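Over in TrEMBL, the protein carries these features:
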TRANSMEM  35-51  transmembrane segment
TRANSMEM  71-88  transmembrane segment
TRANSMEM  94-113  transmembrane segment
TRANSMEM  125-143  transmembrane segment
TRANSMEM  155-175  transmembrane segment
Amino acid sequence: MDVGVSLKTQELYFLVFVTRYLDLFTHFISLYNTIMKLIYLGSAFSIIWYIRHHKLVRRSYDKDQDTFPGYFLILVSFALAVFVHEKLTFKEVMWTFSLYLEAVAILPQLVLLQRTRNIDNLTGQYIFLLGSYRALYILNWIYRYLSEQRSIHWITWVSGVIQTLLYADFFYYYIQSWRKNVKLELPA
C-alpha cells in the first residue's frame, strides 16, 4: 500500500462485491465460482483491514486527502438501481446496484491522485490495470454479442462504458508518461 491508495475506493469495491455476490450461499454455480467470489471478498476486506489497522500501512494512509464523499456514490447508485433494473427482486436490485457502484467506485481514487499528485509506479500501474480490466470486458461483450444470441444487457454495457470513460483521462496521462519515460503526474 502507498499513500496514493484511497481507502474510500477500497471500501466501495468491497460493497460492490458484497452486494454482487449475495447469491454465494443460495445458488451454487461451481466450486471455482464460489472460491473466486470468496477470494474477491477476502482480498477486498484484507486491503481495508491493512489500510485501517496494520501499523506500517496505516501510517502511510493520508485520511485528510481521501475526502471524496463515497456515501454520495452509494446513495445515487442505490437510487438508480431501485428505479432502473431488469427485474424487481432484492437480489436483482442489489446486483444492479453493484454494477452502478462499480462504475463510479474509482472516483475517490482518481480525486485523491489528482489532489496529492503523488503517483508512484505501483499506484499508477494499479489504476491502469483496473481500467484495462474493464476495457477488456467491453471487448468480451462485443465478442459475445457477435458470437452468441445478439442480446445486449444495457445496464451492464452502459455502466461498463461509463466506468471505462472515467479512466480515459488517467489512461491518457499514463500512456504519455510511459512514452516519454517520465514520472506520471495528473493536472491539478
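Cβ atoms are placed via backbone N, Cα and C, with glycine included.
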Cβ contacts under 8 Å made by the transmembrane segment (125-143) with residues that lie 6+ beyond its boundaries: 5, 106, 109-110, 113, 156-157, 160-161, 163-164, 167, 170-171, 174
Contact set, same chain, for the transmembrane segment (71-88): CB under 8 Å, 6 or more residues outside the stretch: 12, 15, 94, 96-97, 99-101, 103-105, 107-108, 153, 155
